[in-house]
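According to Swiss-Prot, the protein carries these features:
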TRANSMEM  16-36  transmembrane segment
TRANSMEM  146-166  transmembrane segment
TRANSMEM  174-194  transmembrane segment
TRANSMEM  204-224  transmembrane segment
TRANSMEM  235-255  transmembrane segment
TRANSMEM  260-280  transmembrane segment
TRANSMEM  349-369  transmembrane segment
TRANSMEM  380-400  transmembrane segment
TRANSMEM  407-427  transmembrane segment
TRANSMEM  436-456  transmembrane segment
TRANSMEM  473-493  transmembrane segment
TRANSMEM  495-515  transmembrane segment
């Protein structure tokens, strides 16, 4: 924890940290659209069966007389229960007699129908083309659309664990750069995918990178900043993700061809990858892993950018060894993923944080699915949701700095549960009130998740922060997968899934109370920092290190 002393020497929030933060914010803005891309590239437009008499360009007007499109549609496509044209069936033969019958007249004999053996005709008012129209993922193949999102989520789950572990072994910058390259290549190739299976495979590879890059961007910022600034930089990075949501809505509105949209959001990632060479590795991680020469080099680089001219004389190998002696001694025993669950206090923290992340993800994704019924303009909704979450992030910053990490989460998690429970029992006709409550719930959940992200980074030690982040994302992905599965309970009661969504954040709020407060405390570097009485240990060490700095 003596790294705070080193930060004071090089500048804990100067030009260096601002430049690093600005670059990673831009990266997050360009990265987040890749997570929600299937909202547009895999959207399902209105469709019906292809009909020879209606859609064959070689059929002359003389063959159909003076009949208009509506009349031809009526004799070719049966109506569903809502008196809308069927999406997956057509008449075997044109039913001319229907032209002389009232729509609601029930005939004694039902005309023969058949599946869409000749394909489908798609509406192009909202989407010119999507992967659904490209490979006809409708009707009996409709479930294939969810395969893309499931594989992307599976890739995210697997990548967060693997790359999280590797980042604790080989550094944040190296893994972040590799993931940027992998994402750029895989999603660019996805724009030219010849088959649906190839497209799914490429999106799986992309999914394994996106959350890893975003998670490591937090590490590369918070491990270079002082305790007072961590909540602010975390909030700014999360706000960048919200801006990315709004950017995606605007791009998708302008570019309605899925391949062009896929390519448009993928090419800039190559630029981010090439620019990542100027990222500075976490000196905290380098020193904790006994790479003193490299750590000293990065510290001097940060001091030079921050204008700390005298820092070069103070920052020496001997000074690093003296200030970080306890951390260096602890680094001799290599930490592994098993250490997260071996040390009793750390195990308790990891499990509590994991449950909170899971319990927040379940209602968050449940509300996202519900918010999609705000209207038919999906582009406007995407921009609106980004604006709501961005506003919520700034509210979170104010509350965190005033009330601390723990109380701020409890303050917002409990009302979320109440919003959902009240919404569950409101009459379906009260759409305006239901929409307001759902939107408030989503915004308040974003406040809680922002505070939770800061809380997590301040509880897990540096030697395992990447691995711990992977485990935390794993719990988040499990919660995201549970959200739609809970709708199975509708078969027992239409209220049961929503009651479950409401109970989860209430339980999460109670569990947060079991976690220690971390406001304005230095980051733990080793497992011993977490296991010991942290507040007392930190106070003594800071006083001792101040004496060492004075001596130098």
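Quick reminder: no glycine exception, Cβ is built from N, Cα and C everywhere.
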Cβ-based contact of the transmembrane segment (16-36) with the transmembrane segment (260-280), 3 or more pairs under 8 Å: yes
Listed stretch, out of 235-255, 380-400, 407-427, 473-493, that has the most CB pairs under 8 angstroms to the transmembrane segment (204-224): 235-255
Leading stretch by Cβ pairs under 8 Å, where the reference is the transmembrane segment (146-166) and the options are 380-400, 407-427, 436-456, 473-493: 473-493
Winner by Cβ pairs under 8 Å against the transmembrane segment (473-493), considering only 235-255, 349-369, 380-400, 407-427: 349-369
Long-range neighbours of the transmembrane segment (407-427), counting only residues six or more past its ends (CB under 8 A): 356, 360, 363, 366-367, 396, 399-400, 433-434, 437-438, 440-441, 444-445, 447-448, 451-452, 455, 495, 498-499, 501-506, 508-510, 512-513, 517
Range from 235-255, 349-369, 495-515 with the greatest count of C-beta pairs under 8 A to the transmembrane segment (436-456): 349-369
